[in-house]
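Asker: Pulled from Swiss-Prot, these are the listed features:
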type	residues	note
BINDING	C7, C10, C44, C45	Zn(2+) binding site
Amino acid sequence: MIIPVRCFTCGKVIGNKWDAYLDLLQLDYTEGDALDALNLVRYCCRRMLMTHVDLIEKLLNYNTLEKSDNS
């Protein structure tokens, strides 16, 4: 879905780091090196970025307001 704005455990703002994290991964940084470059040292904040699954683009393909032809 959408990256949470704050870490669930400690409350640190992490939502603004998602795009930078993806950019660093595109530059062939490892996950750990990218998180270190973003100054995310707490393991709770690190897991928020590492385990996030970005599904928003896939969900936007489904329009729940459209009626199907089968009804």
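Every residue gets a Cβ built from N, Cα and C, even glycine.
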Asker: Using a 10 Å cut-off on CB atoms, tell me which of the binding-site residues C7, C44, C45 is the least crowded.
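Answerer: Looking at the binding-site residues C7, C44, C45, the Cβ with the fewest others within 10 Å is that of C44.
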Asker: Sequence gap of 6 or more, C-beta under 8 Å: which same-chain residues meet both conditions with respect to C10 (Zn(2+) binding site)?
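Answerer: Set apart from C10 (Zn(2+) binding site) by at least 6 residues yet with Cβ under 8 Å, we have R42, C44, C45.
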Asker: Excluding C7, C10, C44, C45 themselves, which residues in that chain have a Cβ inside 8 Å of the centre of the Cβ atoms defining the Zn(2+) site?
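Answerer: Here the nearby residues are F8, T9, G11, K12, I14, R42, Y43, R46, R47, M48.
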